[in-house]
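The motif ''HIGH' region' annotation in Swiss-Prot covers 42-51. Residues or ranges marked as motif ''KMSKS' region' in Swiss-Prot: 226-230. Marked as ATP binding site by Swiss-Prot on the basis of sequence analysis: K229. The feature domain 'S4 RNA-binding' is assigned by Swiss-Prot to 339-400, with sequence analysis given as support.
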Amino acid sequence: MATIDESLALIGRGAEEILKLEQLEARLTSGVPLRVKAGFDPTAPDLHLGHTVLLNKMRQFQELGHQVIFLIGDFTGMIGDPSGKNVTRKPLSREDVLANARTYEEQVFKILDRTRTEVRFNSEWFGQMSAADMIKLSAQHTVARMLERDDFAKRFAGQQPIAIHEFLYPLVQGYDSVALKADVELGGTDQTFNLLMGRGLQEHYGQAPQVVLTMPLLEGLDGVAKMSKSLGNYIGINEPAIDIVTKTMKIGDTLTWRWIDLLSFDISVAEAARFKEDVAAGNLHPRDVKLRLARELATRFHDAATAEQAIAGWHAVVTGQGDTSVLPLQQVSVPAEGLRIASLLTAAGLTPSNSEATRKLKERAVKIDGEVVDDLARQFGPGFEGVIQVGKRNFARVALVTS
């Protein structure tokens with residue numbers, strides 16, 4: 001059994017902020033298993049690695065003997081979380097929310113322990129709440145308090161509309177903690193206002209206020225913007241293992257350490273520190289660290305054998321040796337007369353523009369099935385299939401079809 005100090009170290013790994021740390025320590029000291037809550041609005045059907053930052057932290061609480069509550073915001077999902085938004089988010093239909101919620105339940109147990117997980121829906125209590133009850137709840141905070149939120153303040157100052165239902169969202173999320181009697185609530189750094197709302201409402205309803213633990217927002221594949229499906233810089237946890245491996249191997253070396261801190265169970269803090277020292281000293285290649293992480297992620301969301309097969313496929317491309325047929329086949333539509341190589345690279349998503357493709361070709365940084373291609377006039381038409389590689393990290397197995 002972990003000591004209090006060991007528990008605090010594991011809980012604090014990668015965390016941005018814990019409010020209040022002394023309250024968390026006191027609750028851990030009591031020896032009573034904590035009720036740890038995190039809410040997810042089912043606004044899209046699939047989860048990605050950015051979502052797993054919170055799920056991973058929930059799993060760590062489970063490993064310490066605590067009960068976690070995976071709260072599906074089927075009610076709040078129909079409101080639309082305004083956090084960080086400059087415009088009003090379009091609410092989802094009940095049918096969309098429920099369809100997405102079903103896929104969430106299937107995916108989360110790739111990480112969470114079923115025996116220590118409650119799956120709850122906040123329509124359980126809000127579906128029974130009367131209009132009078134909702135008005136009483138809304139009376140707990142003022143418009144002035146709501147305008148303390150950065151996103152609301154910016155929209156108000158910029159004379160952008162703020163719908164009344166958006167003001168209700170933090171209150172509704174906060175009341176979830178009351179309904180669930182949460183001891184701890186987890187959320188991203190963009191959720192701090194909403195999480196603190198839960199503390200205040202719990203005190204109002206005579207409960208001990210929950211501890212708030214915020215986690216950083218995971219940067220996506222570009223290493224800059226928050227991981228997001230809309231930006232295309234994400235890895236979905238339901239993606240094929242080969243995609244998980246190849247995408248992970250493309251991330252920048254600096255981002256690797258961030259991902260290890262927030263996504264890895266297998267690489268301890270001490271081991272990550274040793275890896276950093278070895279890389280800095282030239283005794284370890286950053287690629288090998290990245291491969292360790294890629295193997296862990298592919299195994300977690302698939303299995304060890306599938307992960308090894310995916311790694312073999314990735315290795316076959318980067319070395320020019322081995323079987324590349326395990327790589328996913330991407331169909332690219334081209335006109336009957338075909339495309340020149342620069343246009344093909346752009347159409348396949350391997351370069352952002354034809355000018356960048358031309359630059360890569362002149363640098364002899366483009367290979368097709370392991371052979372360097374630098375003929376700018378070379379044409380490819382329907383029926384072509386092969387592995388195209390741009391630089392060391394960017395590649396795809398493509399098949400050209402008539403558009």
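Numbering starts at 1 and runs along the chain as displayed.
Even glycines carry a Cβ here, placed using N, Cα and C.
Summarising the environment of the residue listed as 'ATP binding site', the number of other Cβ atoms within 10 Å of its Cβ, over all protein chains shown, is 16.
Sorting each residue of the domain 'S4 RNA-binding' (339-400) by its DSSP state yields 16 helix, 22 strand, 24 coil. In the motif ''HIGH' region' (42-51), helix, strand and coil residues by DSSP number 3 helix, 1 strand, 6 coil.
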